[in-house]
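Asks: When I checked Swiss-Prot for this same protein, it listed these features:
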| type | residues | note |
| --- | --- | --- |
| BINDING | 13, 14, 15, 16, 17, 18, 108, 109, 110, 134, 135, 136, 137 | NAD(+) binding site |
| ACT_SITE | 164 | active site, proton donor/acceptor |
| BINDING | 165, 174, 175 | (S)-2,3,4,5-tetrahydrodipicolinate binding site |
| ACT_SITE | 168 | active site, proton donor |
């Protein structure tokens, strides 16, 4: 029995906090091979990606040109994968570039609009190229979302609070948006109005989805990624909470996504769809 070729992986955002964790995880995975690393921070240009990540040399330099690195992922026997943890401003173009090169994107960068995701889905399907957009790679968060969907069948009042580090660029988080979307799929409207509300300070009640779910965003140093889904009814409060205390907790989900995306020919949104 011949051993299958490892999956070529490009990490975009290689010098970021999540990018470093991905480099460590991919370097240790027997069925994967790090072939490229990209980061726009000039401080790390030419540095060994493994040294920057803190896992020792991997003989892959960090470059600042995504397209030239994507070419490296197309030169192997197996279709390559790009893992993207960059910035909301550039992620849409990153995904389109990867698909255009036949490299399958696994995207943890949040901030994409619904219209952008729809457009990328059409682009990926036309190219018969798999793409995974995952707001949260934590298995624990997926379990929380599933529990929230079950609870929402019995509660009419719900609000979401998401708490992240103060370097996060988008709000609310992709995870909170995804959670609200999952609750909305039941086809019910939440939080029927009992009183006419007045905000003394604009935005005090958070953002509101079309289904009337309030989402509140907290940005403070010390947090990594946390979320509460709070249900209320007469005489009771039901709270679901998930806390990420170390980014390494995302890596089993990232590695699973890398393996699964090689089998896809279209875009899938959400880790729960491949579990």
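First residue shown is number 1, and so on along the chain.
The backbone N, Cα and C atoms fix where each Cβ goes, and this holds for glycine too.
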Asks: Based on Cα coordinates, which of the following recorded positions are within 10 Å of residue 135 (NAD(+) binding site): 165, 168, 174?
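Replies: So the list is 174.
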Asks: In sequence order, which same-chain residues at least six apart have a C-beta under 8 angstroms from residue 108 (NAD(+) binding site)?
Replies: 18, 83, 84, 85, 134, 137, 250, 254
Asks: Starting from the Cα of residue 174 ((S)-2,3,4,5-tetrahydrodipicolinate binding site), work out which of the recorded positions (13, 15, 17, 110, 164) are within 10 Å.
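Replies: For residue 174 ((S)-2,3,4,5-tetrahydrodipicolinate binding site), the recorded positions whose Cα atoms are within 10 Å come to 110.
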Asks: Can you grab the distance from residue 13 (NAD(+) binding site) over to residue 168 (active site, proton donor)? Cα atoms, rounded to a whole Å.
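Replies: Roughly 14 Å, rounded to the nearest whole number.
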Asks: For residue 110 (NAD(+) binding site), which of the listed recorded positions (164, 165, 175) have their CA atom within 10 A of its CA?
Replies: 175
Asks: Excluding near sequence neighbours, so keeping only residues 6 or more apart in the same chain, what lies with its CB under 8 A of residue 175 ((S)-2,3,4,5-tetrahydrodipicolinate binding site)?
Replies: 110, 135, 136, 141, 162, 225, 227
Asks: For the recorded (S)-2,3,4,5-tetrahydrodipicolinate site, enumerate neighbouring residues of the same chain (Cβ within 8 Å of the Cβ centroid of 165, 174, 175, site residues themselves excluded), in sequence order.
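Replies: So the additional residues around the site are 110, 135, 136, 162, 164, 168, 170, 173, 176, 225.
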Asks: Under a three-state reading of DSSP, tell me whether residue 164 (active site, proton donor/acceptor) is helix, strand or coil.
Replies: strand
Asks: Report, in whole Å, the straight Cα-to-Cα distance of residue 168 (active site, proton donor) from residue 17 (NAD(+) binding site).
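Replies: So the Cα of residue 168 (active site, proton donor) lies 11 Å away from that of residue 17 (NAD(+) binding site).
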